[in-house]
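Here is the structure we will look at.
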Amino acid sequence: MNEAYAIPAVAVVVLATVLIGGFGLRISRTTSDFYVASRTVGPSLNAAAISGEYLSAASFLGVAGLVLVYGPDMLWYPVGYTAGYLVLLVFVAAPLRRSGAYTLPDFAEGRLESRQVRTVVSVLVVGVGWLYLVPQLQGAGLTLQILTGAPRWLGGALVAAVVVLAVAAGGMRSITFVQAFQYWLKLTALLVPAFFLLLAWHRDGGAPPAFPAGPELPSSGAGTGQPIATSRADHPLYATYGLIVATFLGTMGLPHVVVRFYTSPNGRAARRTTVFVLALIGFFYLLPPLYGWLGRLYAPELTHAPDADAAVLLLPGRTVGGIGGDLLGALVAGGAFAAFLSTASGLTMAVAGVLSQDVLPARGVRHFRLATVLAMTVPLGGTLLVSAVPVADAVGMAFAVSASSFCPLLVLGIWWRRLTPPGALAGLILGGGSALAAVTLTFAEVVRSGWLHTLLAWPAIWSVPVGFLAMILVSLATPGHIPPHTSATMTRLHLPESLTVRQTAAAAEGGGTGTRAEAGSTGTREGP
Amino acid sequence: MTGTAAAVLLALCPLLLAGGFLLGRRTAHPAGRSDVGSPVEHATFETLHTASLAAPPLRAGLTEDTARKSARRLRSLLGTDALCLTNRSTVLAWDGTGEHHAKQVMERLAGLLSTGRGAAFDCGCDSVDCPLRWAVAAPIVVDQRVLGALIAYAPRDSAVLARAADEVARWVSVQLELAELDRSRTRVIEAEIKALRAQISPHFIFNSLAAIASFVRTDPERARELLLEFADFTRYSFRRHGEFTTLADELHSIDQYLALVRARFGDRLAVTLQIAPEVLPVSLPFLCLQPLVENAVKHGLEGAVTRSRITISAQDAGAEAEVVIEDDGVGMEPEALRRILRGDAGPSAGIGLSNVDERLRQVFGDDYGLVIETGVGAGMKITVRIPKYRAGVHSSPADHDPT
Amino acid sequence: MHRLPRHRTQWEIDEQTTLGAAYVRSLMRSQLRAGIAAFAVLALPVVTMPLFFGALRNATVVWAVLGFGCYPLLVLIAWWYVRRAERNERAFARLVRGADPPGTP
């Protein structure tokens, strides 16, 4: 790979992000433009922003890498990442927006009227955020190493530094525009090279579009996440179902996803936004399978390399070659950095917000900066300490924790009136806590093989039922603790805006008819 | 695995999907019942609704006008050929055929009006064309006083009609009683609105109207627009429900306020806005930014300054929104400002500032008071921080539909 | 004219009376039913597909179905659900107010 092109590409992406973030809305407006300036974010723009923030290193690099090594069964990852939004749409989107909550702790406090639940949710949000940040930083390290041969830690440190500086300096002011831009950038960065790769494939005689068989088992040796690979090979069906449960149910609880829904003006718009998100990320996910397949055709030796995650970066150079290949490679590298930056900054903002509000003692702008540094330092330390797990698998674990804690909280909180704070606590701690413990043990490689390892690496399949059951059973056992305003909260969550809004209009109208009626009756009194 | 088996399995796929879809449809449309109403139920409601249309006219009291309007509805409710409404002395309305009977009605009602008991009588009509042979009269009673009567006519006697007429008369009585209640309630509400009106400075209203008037000749279109802005602005300021509003609505009202101010001062006032769309859904106490802008305008235009610039910005800051209102006007002695915020500066000076400060602290806690930076001749910068979520703070959502 | 709340049912809901709660419960049930229907349409194939793929052992089919075939389906289910949910809300608004709310497309 030619670094003469790639490094400027990465630099341009970083610069563009900072510039759009910092100056996007500094453009002054006069009152005549007020409507333009104050228009709420529409569903399509917000959807692009959500997608831009959501499509992380796992989507950009990880999926294609896993498909290349383990075959098309790995495509359950992108399917799950997408279908998670469908589950979010049908059970959560509109009521969550109508709750007025900005973060998950806000939702928990508003629905259950308990500070304790809020605290536990905050801790879990931070945990999930950190789990999700680790693979982003790892991916950045890998990318920079392949581009320049720099040591692994440098890329992660670079992304961490850029994000902390941008977020802490208040540079991410127009975050919606930044993230929307990142979506289109990422899409372009995979779409254009894919087009040329397909041309090259056609030029080479166009082997039939069948998926070539790979090695039955990945080679032994110091490969990435070896125990996970072995477990997957031993219990493929369990691993698949585990990952389906985690991704389908985990999306709704990801901290950076929840925060973006606040931007929708109302519940109806939140629903429409989610449909747009489904379409946008669904379209994006058409590309990684192509890369995985082309990887098997053109770079089969990568299946044995420890860094299959790099396949997307290396393919243009191998397949197209020449200056064109270098330029396309630079484009992909830029897109990859966009992926790290957008997801990492979104997560850092969300985690820092929770840290500054619920964990650090005092409030204020300076504490938000401190929280930002803290939000980034821990996962950065994590990347240096823990052994490498494939990017997509690591993200899958964050999903598992979210699915076993936040999914029961949101679904039962929105649809079940008898949920009580003790029940929610039990579910969060038993479901989310056990999943978090399982994932931590996997990262720490305490158990390296056998069924136990498999159960710990894909915990969602048992921890999600545990979370739901604990929440339901303990709630039923503590009927005296149902929050006093449950009925009012439920009404707010589910009542369509057309009703609440018409109330305003009716009140205004009522004032008018009152006066008019008086004039009318005076008239009739004069009549007879 | 052979090719045929694979083909069979592949064929199963759409079947499975179709099965899922059908299952979904069945759960979504359970046969015969729906929680939000079947079409038949909706039709019933609409019928009932139509019936209830008779009520509003009566709610203005029993007069010739209201009786005429409601008699039509009441007749269709009873399904009779003719229906008559009277007060104590005269026929107020006749609906349906055979109006020549109206002349004799009052004679027949003498007993009813004195005792308050219903009556039935034969019409004794000679005309062959007239279908009315029998009538039932029911009293309309409010506060134990007989106000009048409802008389239903039919071709022959009918127990059902007698009972129905009685019930309808009773219902009319209730409506008229409610009309009494309404009148007292209206008086209370008007007193409330008067109290609220005191919140908007009368000077502002006079000045705005004067400015609008000055455009009526020269630029009628502009005058029309300004009048609409004025109407919108006052409607927002007078609204009576809810303690909280959204930043979007509050800013919208500020925009209208500024349009009115600029109509008066023209080029002397320049306004710059920087609004991050992410913070527009934030909930905050009703009318807590508008007084700050009013304050900035006042300071900016005070003294001999020829031009003044006001900057309003709303930025996204993590879990908070940060609103900054800045002017380059005469500024203020910090000590005087402190007195105002303590509330010992007398009623005239900047009552808006201390009121806003107090309300913000009350709702969001002491960390969220106003932060004001100022000095004599140095302009003034007011910073408001608003948490994006605070338990108990909920506004009705924005009514600007995004579609 | 009349000064009682214009929409009695609306008022019941706003004031949290038992009757208002019953109305909201009905709305929740109809929305939940729509959600579960959409979820069932999603879950049924998803639960069976891994078994099916395991039996099939044809990488190309798996690649084509998971990589390209399922996304339009997901968007379709989402679209159906949103239509259904908005229809439920409109029906509910009509039920509460007795007429189609103006301004709702």
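From the backbone N, Cα and C atoms, a Cβ is placed for every residue, glycine too.
Note that this is a predicted model, so its numbers are computed, not measured.
TrEMBL lists A:515-528 with the feature compositional bias 'Low complexity'.
According to TrEMBL, the region 'Disordered' annotation covers A:504-528.
Among the features that TrEMBL reports, transmembrane segment is placed at A:6-25 (among others).
According to TrEMBL, the transmembrane segment annotation covers A:45-69 (among others). Residues 75, 77-78, 81, 132, 135-136, 138-140, 142-143, 175-186, 190, 214, 218, 229, 254, 256-257, 260-261, 263-264, 269, 273-277, 279-281, 284-285, 288-289, 291-293, 295-296, 299, 302-303, 307-313, 335-336, 339-340, 342-343, 346, 390-396 of the same chain lie 6 or more positions beyond the ends of the transmembrane segment (A:45-69) yet place their CB under 8 Å from a CB of it.
What TrEMBL records for A:75-96 (among others) is transmembrane segment.
Residues of the same chain lying 6 or more positions beyond the ends of the transmembrane segment (A:117-133) and with a Cβ under 8 Å from any Cβ of it are 56, 103-105, 108-109, 253-256, 343-344, 347-348, 350-351, 354-355, 357-359, 375-376, 378-379, 382, 394-395, 397-398, 401-402, 405-406, 409, 421, 424-425, 428-429, 432, 436, 439. Under the heading transmembrane segment, TrEMBL lists A:117-133 (among others).
Annotated transmembrane segment per TrEMBL: A:153-171 (among others), in sequence order.
Away from its own ends, the transmembrane segment (A:183-202) comes close to residues 13, 16, 48-49, 51-52, 55, 60, 280, 283-284, 287-288, 290-291, 294, 297, 312, 315-316, 319-320, 324, 328-329, 331-332, 334-336, 338-339, 342 of its chain (Cβ-Cβ under 8 Å, at least six residues beyond either end). Taken from TrEMBL, the feature transmembrane segment applies to A:183-202 (among others).
Same-chain residues lying 6 or more positions outside the transmembrane segment (A:275-294) and placing a CB less than 8 Å from one of its CB atoms are 43-44, 46-48, 50-51, 54-55, 59-60, 63-68, 72, 74-75, 78-79, 81-82, 85-86, 89, 183, 186-187, 190-191, 194, 197-198, 201, 209, 211-212, 311-312, 315, 319. Look at TrEMBL and you will find A:275-294 (among others) tagged as transmembrane segment.
Non-local neighbours of the transmembrane segment (A:327-355) in the same chain are 1-2, 5-6, 8-10, 12-14, 17, 52-57, 59-61, 102-103, 105, 122, 125-126, 129-130, 132-133, 136-137, 139-140, 143, 147, 159-160, 162-164, 166-167, 172, 175, 178-179, 182, 185-186, 188-190, 192-193, 196, 255-256, 258-260, 312-314, 316-317, 320, 368, 371-372, 374-376; each lies 6+ residues outside the stretch with a CB under 8 Å from one of its CB atoms. Annotation comment: TrEMBL describes A:327-355 (among others) as transmembrane segment.
As annotated by TrEMBL, transmembrane segment applies to A:367-389 (among others). Long-range neighbours of the transmembrane segment (A:367-389) within the same chain, counting only residues 6 or more positions beyond its ends whose Cβ lies under 8 Å from a Cβ of the stretch, are 126, 129-130, 133-138, 141, 153, 156-157, 160, 163-164, 167-168, 224-225, 228, 306, 344, 347-349, 351-353, 355-356, 359-360, 397, 442-445.
Taken from TrEMBL, the feature transmembrane segment covers A:395-416 (among others).
Distant neighbours of the transmembrane segment (A:423-444): 108, 112, 114, 116-117, 120-121, 124, 127, 131, 227-228, 382, 386-387, 389, 394, 397-398, 400-401, 403-406, 408-409, 412-413, 453, 455-457, 459-460, 463-464, 466-478, 481; these residues of the same chain sit at least 6 beyond its ends, with a Cβ under 8 Å from one of its Cβ atoms. Here TrEMBL flags A:423-444 (among others) as transmembrane segment.
Long-range contacts of the transmembrane segment (A:456-477) within its own chain (CB-CB distance under 8 A, at least 6 residues past either end) are made by residues 227-228, 231, 238-239, 241-243, 245-246, 249-250, 393, 396-397, 399-400, 403-405, 407-409, 412, 416, 418-420, 422-432, 434-435, 438-439, 441-442, 447. Here TrEMBL flags A:456-477 (among others) as transmembrane segment.
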Distant-in-sequence neighbours of the transmembrane segment (A:75-96), which means Cβ under 8 A and at least six residues beyond its ends: 54, 58-59, 62-63, 66-67, 107, 240, 243-244, 246-252, 257-258, 261, 267-268, 270-271, 273-275, 277-278, 281-282, 285, 288-289, 292, 392, 396, 399, 410-411, 414-415, 493-494
